[in-house]
Amino acid sequence: MKCSLGLEKCPDDTLRCFPKIEQPFGIVIFGASGDLTKRKLIPALNRLFEAGILPERFFVLGAARTKMDDKKFRSRFDANPDFLEHCSYISVDYQDPESFKQLKNTIETLIKRIDSSNLVFYLAVPPDLYIPILENLSKTGLNEKPARVVIEKPFGKDLESARRLEDTLQKYFQEDQIFRIDHYLGKETVQNILVFRFANFIFEEIWNNKFVDHVQITMAEDIGVEHRAGYFENVGLLRDIFQNHMLQILALIAMEPPSSFNGENFRNERVKLLRSIRPFPVEELESWIVRGQYGRGVVNGKEVPAYREEPGVAKDSNVETFVAMKLFIDNWRWSGVPFYLRSGKRLPKKITEVAVVFKKIPHSIFAGVPSDELEPNTIVFTLQPNEGISLEFQVKRPCPGMFPQLLSMDFRYEDYFGVKLPDAYERLLLDVILGDPTLFMRRDDLEVSWELLDPVLKAWENDPVRFSPYVYPAGTWGPREADLLIERDGRKWRKL
């Protein structure tokens, strides 16, 4: 089958398959002196430039409180010199309307140079700066269409703050101008979940409670909080991972097929699925959610400190670095099927996978092989690293007698296509510039996820002794209580 470019085989650089941006544009990055800009945004734009996707006329304007000139700004990045010629910098006080008037003058000069008012404002700043920036963009008229605004997680700290942020956003920008970015939705392997489900009838027919026993989603990191202690102390892992990445992956695995893959149809089904998740019973929360915090331990052969010993972390901090939970989706497709989710820092390895575990056979016809000893069929989506899909099934062992053995049939992107997968930010920045909202979150996306998790957060805050996190040694798969969460149901976490 040929792609949109008429190619039967992907080029070595899959970015060359992406649509070229024809219209000139400008992108203004607030927080341009920060880590996200250096690690992700500028490298992604540079890759789009080198792949020939960006138009001849465009500009990248960095804006931050740090004082520096264009030359110093450009020197921060390892990028194509021709790309860097399109980059400039202005120092901005986010709280000062006069500073935004100077910003507007600079933008107007750049707009004349490219002959286009197609503008993107990217807020790569802490969440407490969102509202003053949005207000000052409005005061200077920079919020008018066709301008678009991109905001990063966390989208608020709870339901109330998320609604305040959304009220401000929608006071100054219309919904089709707002792009709430969750970079996990930009990953090629995450999007492949949809193709696997909805382009293969054989799998979609068994994707329900008649055949599926349970689903496991694991997002593990071997690193600690690193230089993000200040941020993490105010957020914690439930807000940082579950409110966005984890629930979005869950939605892709469990949602109903949209009538077409366009922005609204796709997002409607995603939200519908999230609304079907059963609320957690706060009075028996310990039976549904396990909270953990890493202690001292050994990761990858190296001794590492406990979370409370990390620079910038309070010595008596109760912030969680690990969460495991069980939840149910109350709809026809998934009624009765438990979903087990876990994520944590300082675990043995970095891996993100989704495992759809099917029911065991009802009866074994093989002598000496009880049905409960036969491992069930499992479909595994490995989202990172070594991205791919595996199907685990039983085969006959090559020996006398009928002895089944579990094997895995593996597809790996790199092995089959032999191409470099685009970074999530490359895809998502392209979509923002083109105005395609499909892979971005809507307001109701955010609110329904906060409605689910808000009671949990409030319970933790109201009774810190009862819900104090269990300490687990760094380099292990979390506290023992996380194992008990799934073992009480007669199941076990997959060995990763």
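Just so it is clear, glycine is given a Cβ too, placed from its N, Cα and C backbone atoms.
DSSP assigns Arg65 (NADP(+) binding site) to coil, not to a helix or a strand. Just so you know, the Cβ of Arg65 (NADP(+) binding site) picks up 16 other Cβ atoms within 10 Å once every protein chain is counted. According to Swiss-Prot, the NADP(+) binding site annotation covers Gly31, Ala32, Ser33, Gly34, Asp35, Leu36, Thr37, Lys38, Arg65, Lys153, on the basis of sequence analysis.
Counting only residues at least six positions away in the same chain, the Cβ atoms of Leu383, Gln384, Ala424 sit under 8 Å from the Cβ of Lys187 (substrate binding site). The substrate binding site annotation in Swiss-Prot covers His183, Lys187, Glu221, Asp240, Lys345, Lys350.
Residues near His245 (active site, proton acceptor) in space but far in sequence (CB under 8 A, at least 6 apart, same chain), listed by position: Asp182, Tyr184, Met219. What Swiss-Prot records for His245 is active site, proton acceptor, and it gives sequence analysis as the kind of evidence.
Figure note: comparing Cβ neighbours within 10 Å for the binding-site residues Asp35, Glu221, the maximum is reached by Glu221. Taking the C-alpha atom of Lys350 (substrate binding site) as reference, the shortest distance to any of the binding-site residues Gly31, Ser33, Asp35, Arg65 belongs to Asp35. Residues Gly31, Ala32, Ser33, Gly34, Asp35, Leu36, Thr37, Lys38, Arg65, Lys153 are the ones the record ties to NADP(+), and the longest Cα gap between any two of them is 21 Å. Under 8 Å, Cβ to Cβ, and six or more positions away along its own chain, Ser33 (NADP(+) binding site) finds Gly62, Ala64, Arg65, Thr66, Met68, Arg76.
Of the binding-site residues His183, Lys345, Lys350, Lys345 has the largest number of other Cβ atoms within 10 Å of its own Cβ. Between the CA atoms of Thr37 (NADP(+) binding site) and Asp240 (substrate binding site) there is a gap of 19 Å, rounded to the nearest whole number. Straight-line distance linking the Cα atoms of His183 (substrate binding site) and Gly31 (NADP(+) binding site), rounded to a whole number, equals 18 Å. Distance noted between the C-alpha atoms of Asp35 (NADP(+) binding site) and Glu221 (substrate binding site) is 19 Å.
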